[in-house]
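Worksheet: the structure to be examined is printed underneath.
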Amino acid sequence: MDGAPSRVLHIRKLPGEVTETEVIALGLPFGKVTNILMLKGKNQAFLELATEEAAITMVNYYSAVTPHLRNQPIYIQYSNHKELKTDNTLNQRAQAVLQAVTAVQTANTPLSGTTVSESAVTPAQSPVLRIIIDNMYYPVTLDVLHQIFSKFGAVLKIITFTKNNQFQALLQYGDPVNAQQAKLALDGQNIYNACCTLRIDFSKLVNLNVKYNNDKSRDYTRPDLPSGDGQPALDPAIAAAFAKETSLLAVPGALSPLAIPNAAAAAAAAAAGRVGMPGVSAGGNTVLLVSNLNEEMVTPQSLFTLFGVYGDVQRVKILYNKKDSALIQMADGNQSQLAMNHLNGQKMYGKIIRVTLSKHQTVQLPREGLDDQGLTKDFGNSPLHRFKKPGSKNFQNIFPPSATLHLSNIPPSVAEEDLRTLFANTGGTVKAFKFFQDHKMALLQMATVEEAIQALIDLHNYNLGENHHLRVSFSKSTI
């Protein structure tokens, strides 16, 4: 991903039969796509975004998650061109596709198939919708809701909050007709593949009173509002009205993911700073097969710690007859995909490990009373899972293995020298160290990625005293 940033991106290794629409879809989630040039014979394309910032976000996102088109990895980098000058006669088809896609993106008209005859709209409905999100494996931000619901009309206000451990939102349109259309089209839909299901009802409120514009609430008609200092944006009167609104929503069968194209679903994700795999449903294969392990050294615990960086490991089984291989069951298909993408080909205990999807659906536990020498372990109730809480900060900090580690939960009494010594004892060399301002977090750089992996396995959850257990993850920063 080298080269100076540019709003024009150079995309290589495209499958032969790929279409303009598929290439444009890679860029859509990050902002407006303003031009495209396909070099069919060379399996390459140039994609121009409206802003350099959008291009940088896109390159950063796809450097963490290899983009695929038609199951083939493709490569994206900044182009030397600062803008695309295309000969429109040659490029007519691409321009037409671009216009069509842009029209769909910017239109406030309902998506096809959701138009509602006026007679179907009961006049007394509220312009305010109450939205509950089920199966929230990934954070859904206020901006993602705005993006989805704006397809049905101008969204005036949104308030988000958590109630009964569920992420909920109130969203107000200018007109009840828009609310009706959005409810008909979106109720029961998934925002991302196989997760984040929308449950939508009319609210009894007809107007929302938003006090602050921040990531919890926004009044799009009043950009002048203060951002507040983290007080709940819910007015007590609204809270009271809510207590009454507990009519549970019927659960229709989940429909296909929303009409954000698939790459875009992955990317509303990027906007939220975390990584979901385009085209992999959360219900996908949860069990991984890891081979070429160092059988003298590896334990279920060490695999739990390393794979736990990318998801919540449920069970680990080192194979009795083939101790250089193990089955690892993750909490969902996105997590197994992330772990495979990031850990396949990395070195663990001196050996390059191979990670593939297993054909097993689950990892069997040994029968009661059968001793399998501690090769199988159930981590289902582990307190160390990083991704249990929907919307947890950890979703935004998933990075490939790197020589630089991010340390957190450091007690005040522990000094730089203590941490340098602790990490040097894992068998590597500490190259650099930097405390964050509050001294609760730090960056620490080992000589190689392999040394950093070893240090993370050995020291994540290490007890530093004063009831502080050290948290270790890979960092995207360097010191």
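The backbone N, Cα and C atoms fix where each Cβ goes, and this holds for glycine too.
Features of the protein shown, as given by TrEMBL:
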{"type": "DOMAIN", "residues": "7-81", "note": "domain 'RRM'"}
{"type": "DOMAIN", "residues": "129-205", "note": "domain 'RRM'"}
{"type": "DOMAIN", "residues": "286-360", "note": "domain 'RRM'"}
{"type": "DOMAIN", "residues": "403-477", "note": "domain 'RRM'"}
Taken over the domain 'RRM' (7-81), the model's mean pLDDT:
88
Considering pairs 6 or more residues apart, do the domain 'RRM' (129-205) and the domain 'RRM' (286-360) have at least three CB pairs under 8 Å?
yes
Mind tallying the domain 'RRM' (7-81) by DSSP state, helix then strand then coil?
27 helix, 26 strand, 22 coil
Helix, strand and coil totals (DSSP H, G, I; E, B; other) for the domain 'RRM' (286-360):
19 helix, 21 strand, 35 coil
I'd like the per-state residue tally for the domain 'RRM' (129-205) from DSSP, helix first, then strand, then coil.
22 helix, 34 strand, 21 coil
